[in-house]
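The following features are taken from Swiss-Prot:
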type	residues	note
ACT_SITE	LYS35	active site, proton acceptor
ACT_SITE	TYR255	active site, proton acceptor
BINDING	ARG130, MET303	substrate binding site
MOD_RES	LYS35	N6-(pyridoxal phosphate)lysine
Amino acid sequence: MKPFPRAEISRHALKNNLARLHELAPSSKVMAVVKANGYGHGLLNVAQCLDNADGFGLARLEEALALRAGGVKAKLLLLEGFFRATDLVTLVEHDIETVVHHESQIEMLEQAELNKPVTVWMKVDSGMHRLGFVPDEFHQIYQRLLACDNIAKPINLMTHFACADEPDNDCTAKQIAVFEELTKDLLGDRTLANSAGALFWQQSQASWIRPGIALYGVSPVVGDLGTKHGLIPAMELVSQLIAIRDHKAGQPVGYGSHWVAEKDTKLGVVAIGYGDGYPRNAPLGTPVLINGRLAPIVGRVSMDMLTVDLGAGAKDNVGDKAVLWGKDLPVEEVAEHIGTIAYELVTKLTPRVAVCLD
């Protein structure tokens with residue numbers, strides 16, 4: 001018997017989305033970003049499904065080690081870089097590449113005793129102002145990295161966009177110009193484009209692109225849908241109705257008696273709540289798909305359950321499937337109702353939600 005709630009992950013969708021990104025950037029290799037448990041889709045499952053990706057991007061060393069332990073042989077890159085000097089031995093042992101974005105990392109590399117140099121990606125702060133070396137110090141830092149015997153040559157180069165998900169914002173064009181001016185005539189691979197870069201900024205498609213959310217069929221742009229760009233949603237979050245109740249006009253439901261029925265209706269109780277990662281702050285009216293129609297959430301989302309208004313004439317039954325998001329109820333639209341972004345919804349699912357690869 002299939003567990004509820006569960007996140008059903010489509011192999012077909014994942015493979016389609018990777019192929020679509022290859023189409024959009026035919027001259028670039030694809031570093032599939034699978035951090036945060038594959039954006040909630042299952043780290044190892046996603047990496048094994050995307051076995052024709054050219055490499056994988058992770059946030060933490062533990063994620064990279066999990067892929068190696070699972071038999072993944074492809075290029076792995078730590079996008080946040082390493083945190084401790086002791087990590088360097090592990091990087092060498094498991095052939096894991098790292099971003100270098102801060103003076104402290106350079107000092108650790110210079111002082112380390114390694115039996116093999118580490119492949120690094122020097123991060124340029126071209127305008128995001130979060131991580132990376134600012135333009136004024138770029139050439140000095142680059143020469144310092146060249147002089148370090150613990151760093152493999154050539155040095156790879158990267159940056160990250162602040163506003164690529166705003167196609168009409170010229171911030172991205174300025175960042176591209178800053179990066180290209182600094183790195184012209186230098187050797188090494190380059191990567192600029194995240195999902196939004198790959199979709200909307202063709203000039204950012206360098207030797208590598210590193211899509212994240214687009215791999216999972218979701219648009220990086222608020223108010224947009226991944227399906228408009230040939231992507232297929234990879235996750236369907238489902239649960240079931242565990243109770244159906246006749247509800248009289250004037251009666252409240254849920255904690256705080258937050259919602260009161262204006263007319264007689266039927267309410268359905270769905271087995272999912274904030275203990276599963278569904279947002280407690282989902283407002284009244286947030287849609288849930290029941291038997292092909294949208295039923296609005298009424299009352300507050302609780303730890304294990306939420307309640308929907310099925311309507312007075314509802315013919316639904318206990319045990320019927322409830323879709324919280326998926327191909328017929330895009331996660332982008334649910335995120336808009338809740339006032340967040342799809343990234344947050346898919347990555348915040350808790351271990352109580354079974355992740356099932358079809």
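Backbone N, Cα and C define each Cβ position, glycine as well.
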If you count Cβ atoms within 10 Å of each one, which of the recorded positions LYS35, ARG130 comes out on top?
LYS35
Around the C-beta of TYR255 (active site, proton acceptor), how many further C-beta atoms are within 10 angstroms, looking at every protein chain?
12
List the residues of the same chain that sit at least 6 positions away from MET303 (substrate binding site) in sequence and have their Cβ under 8 Å from its Cβ, in sequence order, or write 'none'.
GLY273, TYR274, GLY275
Would you mind reading off the Cα separation of ARG130 (substrate binding site) from LYS35 (active site, proton acceptor), to the nearest angstrom?
18
Any idea what the Cα distance is from LYS35 (active site, proton acceptor) over to TYR255 (active site, proton acceptor), rounded to a whole Å?
35
Determine, from DSSP, whether MET303 (substrate binding site) sits in helix, strand or coil.
coil
